[in-house]
Amino acid sequence: MNPTDTTPSAADSRRRTSKFAHWWNMTQILWMASFMKFLCGSRILTIDWVSRFLEMMWPYLNKAICKTAQDIANPIIAENKEKYKIDSIEFETLTLGSLPPTFQGMKAYVTEEQELIMEPSLKWAANPNVTVVVKAYGLNATIQVVDLQVFASPRITLKPLVATIPCFAKILVSLMEKPHVDFGLKLLGADVMAIPILYSFVQETIKKQVASMYLWPKTLEVPIMDPSKASKRPVGILLVKVLRAQNLQKKDLLGKSDPYVKLTMSDDKLPSKKTTVKRGNLNPEWNEDFKFVVTDPETQELEIKVGKHDKMGMNKILLKELPPEETKVTTYNLLKTMDPYDIHNEKSRGQITLEMTYKPFKEDDIEKDVQGTDVVGKAPDGSPAGGGLLYVVVHEAQDLEGKHHTNPYARIIFKGNEKKTKVIKKNRDPRWEEEIEFVCEEPPANDKLHVEVLSKPPKKGLIHGKETLGYIDINLADVISNKRINETYHLIDSKTVGIVIGYFLFIYFQPTDVKNVKVRPLVEYDSDSLDDTLPEIPLWLKNPDYDRLDWLNRFLELMWPYLNKAICRIAQDVANPIIAKNKEKYKIDYIKFETFTLGSLPPTFQGVKVQVTNEQELVMEPSLKWAGNPNITVVVKAYGLKATIQVVDMQVFVLPRITLKPLVSSFPCFANILVSLMEKPHVDFGLKLLGADVMAIPVLYKFVQETIMDQVASMFLWPKTLEVPIMDPSKASKKPVGILLVKVLRAQNLREKGPLGKRDPYVKLKMSGSKLPSKKTAVKHSNLNPEWNQEFKFVIRDPETQELDINFGKDEKLGMCKISLKKLTPGTEVITDNLIKTMEPNGIQNEKSAGEITLELTYKPFKEGNVQKEDPGGLLYVVVHEAKELEGKCNTNPYVKLTFKGVEKKTKVVKENRNPRWKEEFEFECEETPANDKLHVEVLGTKKALIRNKESLGHIDISLADVIINKRIIEIYDLINSKRGQIQIEFQWKSS
């Protein structure tokens with residue numbers, strides 16, 4: 001048929017083909033829309049990147065967890081050995097294996113309480129090897145735990161949320177269902193879990209025991225900080241009566257002053273309280289009462305200032321010096337400044353007399369405050385007329401709607417006392433999270449709290465004034481009865497039109513109605529086309545290298561009110577000393593923050609990319625966007641002029657690279673945080689000076705934009721970095737820092753034993769913190785004054801904490817002692833130390849002499865520079881990281897054998913794994929520099945059978961010349977006699 005034929009059948013065929021192609025393309029787009037709806041709408045959030053992080057961190061977390069477990073277990077074992085007549089319990093091996101736990105997903109919950117709830121789904125099919133050797137009644141028993149499987153769904157609650165980093169006071173953990181636990185248990189080499197009845201019994205017992213302790217609603221509680229201090233909740237009231245002042249200084253030509261007193265509580269956002277002004281009086285009397293809410297009596301201070309701009313004097317009173325429930329009348333000297341070394345304070349400026357009473361709240365009310373977050377604190381017995389504190393937190397409002405504008409704020413009125421929240425511009429769902437306090441003379445059981453939400457007009461409201469968006473009168477009787485309530489109230493005279501804003505993808509359902517439409521599957525779009533076509537597609541969907549962070553964004557949204565306050569508080573604490581230091585330099589009278597808030601809109605993460613390198617580091621690149629509504633207002637006064645500067649409407653788009661390195665086997669498993677920017681950040685904001693938006697000037701706007709981007713880029717644009725040290729890397733990683741040479745010379749006056757009064761002594765040396773076995777001297781038969789002159793070498797990792805343990809004879813029956821390495825200096829010294837029966841400091845057995853031992857110790861710290869010709873010895877440090885693509889003919893249970901100058905060392909066996917990861921460290925002491933030597937590395941597979949078979953999976957001989965020159969190398973080597981096998985090994989050379 002001619003291609004240009006226009007017969008009905010050909011036309012119909014083309015139409016059918018076109019409709020099918022169009023239907024197929026639209027189906028793909030609709031499927032993508034449905035898939036995105038599932039991803040964005042599902043309560044179960046994917047956290048693949050967390051599992052990836054865990055996989056990379058696992059070798060270090062494994063060691064850190066095992067080390068912590070041993071540190072906890074050893075004192076418990078030592079405490080109970082005598083009780084159960086056990087000679088010894090030792091961990092022969094303790095490792096959680098090479099397979100980390102994985103998170104299948106996570107649910108996040110929003111509640112009315114100030115808490116953050118998450119439910120991760122955890123699965124762990126592990127290959128641990130926990131071997132415990134028990135010695136009792138002359139028998140040895142070896143117990144081994146292997147092949148562990150754990151499936152659990154814990155509920156983790158962070159509460160209460162507080163405005164102090166890390167923004168929560170407790171971690172509560174409970175299980176939502178009985179966990180599945182399965183493992184192998186070997187006793188004397190036999191798998192006792194293979195017995196069906198025992199297996200079922202152990203399974204059920206574990207489930208019941210764990211469930212009885214932690215099955216919801218039972219919880220495991222981990223305290224992080226004192227909730228009352230962290231949340232800065234009220235714990236008491238300070239009653240202050242300003243009585244009088246005496247001998248004030250003259251401040252005008254007529255020899256008179258007009259004094260008044262200004263009182264301020266530190267860490268209190270409320271304005272200062274002032275007495276009346278006493279005209280022309282240098283010895284005024286006031287007798288005026290004031291009340292202050294106390295949140296932390298250990299750190300807070302009452303600041304006293306007399307006269308305008310504190311010209312007549314000042315002082316501070318520490319609240320921790322005031323006894324509770326006791327009225328104290330005290331006279332304080334007035335000072336020029338609070339600097340203890342200021343010579344101006346030697347001149348008398350008069351005195352002020354105050355009457356103060358600190359009344360802490362009842363303990364039961366404070367405990368309720370710890371459990372919850374909003375509280376009504378009740379004054380203690382004996383306080384005037386049952387007085388106390390009404391504590392109000394205005395959280396948020398929803399679905400507000402004004403007639404002409406919606407810039408809401410809340411006004412709270414109680415017994416004529418009016419207080420307001422801040423204004424949030426152009427927001428129908430504002431979140432304030434503001435705390436308001438009312439001091440009450442008596443319980444307000446019959447009173448009401450009037451709450452009104454208003455909208456502030458834009459600019460000066462020349463056309464439309466402020467509007468009422470709704471109000472409510474709240475009866476306080478329930479508050480007094482229940483101590484605490486947290487409720488949502490419907491506003492009277494408010495329109496209730498709700499709107500839900502989400503993520504939308506626009507799709508034509510009737511493409512025949514659209515002219516000249518071009519439809520292509522999304523898979524045919526490149527990244528630039530997607531950016532042009534659908535700019536709102538998140539980075540994790542456009543770029544397969546990025547993982548989504550929905551759960552982190554949801555948590556950040558919940559935590560933001562508390563993070564906002566914590567960040568602002570830290571920023572002010574950092575800025576205030578800098579401002580105070582530079583005021584005199586620039587002739588500025590004062591600089592103070594009038595308002596400081598980052599607004600109600602948190603940053604959002606568009607995605608995160610995890611990078612794998614050959615170094616011991618973890619690299620991530622999150623994409624961060626923040627369209628914020630901050631309100632940072634600074635008031636500056638200089639040269640008699642006052643200026644107000646305000647930062648508003650900020651937008652920040654940034655792509656940082658965050659590197660955790662080096663990864664170490666001590667919590668938090670990394671020593672430094674390195675931050676750099678992969679591209680110039682986009683920063684946009686409004687800057688108001690004296691009420692005018694100066695950023696509206698085009699030339700100035702562009703100049704400020706470019707200046708900020710260039711300044712930030714000059715400091716942090718990759719490869720430049722900001723480094724935040726977390727711990728000392730050398731101590732954290734426990735890398736070798738030196739060698740200790742020990743020469744056991746002699747012992748004297750050892751204690752006799754037995755009817756013949758003879759001994760067969762030997763010395764056992766052990767370095768604390770080392771996994772290597774003890775080193776022993778020869779046995780000297782029938783000798784109470786033996787001489788050995790034997791030499792030993794020990795690798796030192798932390799001379800500040802490590803000790804050399806010295807034990808004599810079988811079961812340390814002859815005596816023992818310890819030598820702390822921090823007392824040693826580089827060089828050689830001879831030490832004679834007394835032997836004692838026990839290391840207990842108050843042991844009465846130590847009063848009797850057990851003899852002496854004489855040692856020659858030489859400590860050789862490694863040199864920082866190059867190898868010295870006159871002292872070529874040192875330490876070869878080897879880390880076997882992992883192997884890939886191993887393939888055995890009969891089995892693949894690989895381990896690595898290292899051979900150096902006849903010394904052979906092996907890694908553990910990783911069962912049934914073609915890509916094993918060991919991360920094991922080895923040390924070879926060298927008498928001379930091994931520049932011309934080689935390290936033989938062989939990977940073998942083993943199989944347990946009646947006859948143990950070994951199979952070589954590949955080998956490599958590595959020249960050490962590059963290691964000596966470069967000090968450290970980390971390489972991937974192709975294995976000889978292997979199809980595709982590779983092994984990654986790290987070398988370090990430390991010269992002594």
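Just so it is clear, glycine is given a Cβ too, placed from its N, Cα and C backbone atoms.
A TrEMBL annotation is a machine prediction, not a hand-curated record.
Note on the domain 'SMP-LTD' (43-225): mean pLDDT across this stretch is 78. What TrEMBL lists as domain 'SMP-LTD' is 43-225 (among others).
The domain 'C2' annotation in TrEMBL covers 216-338 (among others).
According to TrEMBL, the feature domain 'C2' maps to 370-489 (among others).
According to TrEMBL, the feature domain 'SMP-LTD' maps to 545-727 (among others).
Look at TrEMBL and you will find 718-848 (among others) tagged as domain 'C2'.
The domain 'C2' annotation in TrEMBL covers 849-973 (among others).
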Helix, strand and coil totals (DSSP H, G, I; E, B; other) for the domain 'C2' (216-338): 11 helix, 53 strand, 59 coil
DSSP-assigned states of the domain 'C2' (718-848) in counts, ordered helix, strand, coil: 15 helix, 53 strand, 63 coil
Counts by DSSP class (helix H/G/I, strand E/B, coil) across the domain 'C2' (849-973): 6 helix, 69 strand, 50 coil
